[in-house]
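These features come from TrEMBL:
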- 6-28: transmembrane segment (TRANSMEM)
- 22-294: domain 'Sugar phosphate transporter' (DOMAIN)
- 40-62: transmembrane segment (TRANSMEM)
- 74-95: transmembrane segment (TRANSMEM)
- 128-145: transmembrane segment (TRANSMEM)
- 151-170: transmembrane segment (TRANSMEM)
- 222-244: transmembrane segment (TRANSMEM)
- 277-296: transmembrane segment (TRANSMEM)
- 327-352: region 'Disordered' (REGION)
Amino acid sequence: MTESTGFQLGTVGALSLSVISSVSIVICNKALISTLGFNFATTLTSWHLLVTFCSLHIALWLKLFEHKPFDARAVMGFGILNGISIGLLNLCLGFNSVGFYQMTKLAIIPCTVLLETLSFKKDFSRKIQFSLVILLLGVGIATVTDLQLNLLGSVLSLLAIVTTCVAQIMTNTIQKRFKVSSTQLLYQSCPYQATTLFITGPFVDGLLTNQNVFAFKYTPHVLIFIVLSCLISVSVNFSTFLVIGKTSPVTYQVLGHLKTCLVLAFGYILPHDPFSWRNILGILIAIVGMGLYSYFCAVDSQSKQSEPPAQLSQVKDGETEPLIIIENGSNKGNDSVGPKGPIWASNKDLHA
């Protein structure tokens, strides 16, 4: 097996793991929140991160990966920012309608494109921009229902978009700048993310639900689903860092919208949630957009590899990371929609 083939298979594996684990945790959390009444999503996320850190610590003890310390300030800042972005996304959903929250998620892709263009001079071709527009249009048709605006919700939405974009860009750049693996970065940043959410989680959840997480009645069924959610989260967190490290923040967001479409479909097949022609049409358009995005990225990647080295040195970094990467080894880089109320976080990928 050649190095490029192994890298491509690794990327496909990371993408598959990310999709399967994210859809699984959304279904699990939806049952936990909407069926069992455990509405404390931010606190639950802090437990996810704590279990992830413990799992990675055991893996380190078993020498399944090597600990590689690097800039402590970068790790701390990245971890705290990641924790803040998760809390802001939960607040955004709590203070906005589900439709406006979905619009917030859609806005993350163009914001990421803008930040990468301004900060890293990345060149996104018109074909890739067109495919992203098709994707966002499809997801918007499938998921956006009502748009109720309010000042506080709009401010929280803006902050959530910016922090999420910056955190995901940092995930990619830190891995490449310090030459660390996704596992090494996740292991070192987990304690800061978990601490940030563990401190703020009960306050955020209390603000959104008017309930106390410590006063909740933890029945055996609730505990079983919490443990299951935490175990799945290990795979979600690991695959998130792995996908962003191997591809790009924009590609990860494209993959995230695929997860949203899958969650919508599973919501109809399993619990028989309401499903209209808009959902079907939107999902089909989104799939076309994702296919075009992956195809155009692959074409751009192949065309740049065929250029002479002298020209390659003058070409700006582009968005050439499709959902299935085609490249040689030389350039290898190191939610279902429901009503607002008790299930305010049931349609969010609790990815951390």
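Positions of Cβ are set from backbone N, Cα and C atoms, glycine also.
Caution: TrEMBL annotation is automatic and unverified by curators.
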Would the transmembrane segment (222-244) count as touching the transmembrane segment (40-62), i.e. at least 3 C-beta pairs under 8 angstroms with sequence separation of 6+? yes
Can you say which of 74-95, 128-145, 222-244, 277-296 has the most Cβ pairs under 8 Å with the transmembrane segment (151-170)? 74-95
Take the transmembrane segment (222-244) and find every residue of the same chain, 6 or more past its ends, with a Cβ under 8 Å from one of its Cβ atoms. 14-15, 17-18, 21-22, 24-25, 28-29, 31-32, 36, 38, 44, 47-49, 51-52, 55, 168, 171-172, 175, 182-183, 185-186, 190, 216, 251-252, 255, 349-352
Quick one: average pLDDT across the domain 'Sugar phosphate transporter' (22-294), no decimals. 84
